Amino acid sequence: MAGILAWFWNERFWLPHNVTWADLQSTEEAAFPQAEDLYLAFPLAFCIFMIRLLFERFIAKPCALGLKVQANGPQKAQPNAILEKVFTAITKHPDEKRLEGLSKQLDWDVRSIQRWFRQRRNQEKPSTLTKFCESMWRFTFYLYIFTYGVRFLKKTPWLWNTRQCWNGYPYQPLMPDLHYYYIVELSFYWSLMFSQFIDIKRKDFGIMFTHHIVTVSLITFSYVTNLARVGTLTLCLHDAADVVLEAAKMANYCKCQKLSDLLFLTFAIVFIVSRLGIYPLWILNTTLFEQYEALGNFPALWVFNALLVILQILHCFWSYLIIKAAYKAISKGKVAKDDRSDIESSSDEEETVPRSKTPHSTISTNGTSGANGTNGYLTGGTCSEEH
């Protein structure tokens, strides 16, 4: 075990040439980041999760009810023992062959069975009230940590001159405010890593999981290697758009459409400017070029920059979704539905009574009802609910 640890913490990988871990041990005169400091993030992540549960129950929920946020969940599928057995024991997404078999067995048309499965899947989704509470918690945390970050950074020289991130590296003393900022951010993202398995599930779950892994890795990596100055810039820059996004979602859940549209478009501008403009020109520029000029190169910097580039790739993916949503919002006059929404939708859901496969029903399907269903699909849009 000692040999494995010695190999993992090899100074030639983690530190610049002629620098050792002994050089970065904290003393009475100066404190430096220590890897063991990060263990504090795990109990703190649990505390943040418990605070979240209390906040959602005793603060967010009363606020939601006061704002008349809808408490009931999606429309329930009508009871059917045969379909329920297929849903619970076989598949939640029956293929065409199985749909045809069920259609013959129940004397329902295929569209009615598809609608039943869609409604049944949606039954397991959270209510608008639950989503509002989650967004209010995230809004509150992001607003607090962003405000803290701005107040801390405006007193630092590296906010105004990014070359100061590398001045005196790696012998940059750890400031108490910086230590607190880092540990709280890391704890929050650890809490998200675990809670996302019980939180609202969205279509980009895998992308978000990747984002959380990259974020936790970046925070951990930059702290251990004392690259925390540029790390604080990255954290604060990312928190800016998150505040507006959660506010837009809350307005949407409250059915304040105009406010939601305004906040979403504001979020789109802030996100694209910060993630596609400021981030590459400010953060990546200093880590890829200014850093190399000041420090030369060592392997840990390669990994650090690789993680930052992966983050930029995720920014590009989300920017595509946001631009698409913003375009539809402008062209249609309102922000439409999220492509990654946790609730499946279709105009078919307006019909709750299954149709038997009779000639009369078939004619009705191909007539006005069918036309409305097509129109419902054509007008479906996108709106980002999660960055």
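Heads up, the Cβ atoms here are built off N, Cα and C, so glycines get one too.
Automated prediction, rather than curation, is the source of TrEMBL annotations.
As recorded in TrEMBL:
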DNA_BIND  85-128  DNA-binding region
COMPBIAS  361-376  compositional bias 'Low complexity'
DOMAIN    83-127  domain 'Homeobox'
DOMAIN    130-331  domain 'TLC'
REGION    341-387  region 'Disordered'
TRANSMEM  38-55  transmembrane segment
TRANSMEM  179-198  transmembrane segment
TRANSMEM  262-282  transmembrane segment
TRANSMEM  302-323  transmembrane segment
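Distant neighbours of the transmembrane segment (302-323): 207, 210-211, 214-215, 217-218, 221-222, 225, 227, 234, 267-268, 271-272, 275-276, 279-280, 283-284, 287-288, 339-340, 382, 384, 387; these residues of the same chain sit at least 6 beyond its ends, with a Cβ under 8 Å from one of its Cβ atoms. Residues belonging to the domain 'TLC' (130-331) score a mean pLDDT of 93 in the model.
For the DNA-binding region (85-128), DSSP puts the residue distribution at 31 helix, 0 strand, 13 coil.
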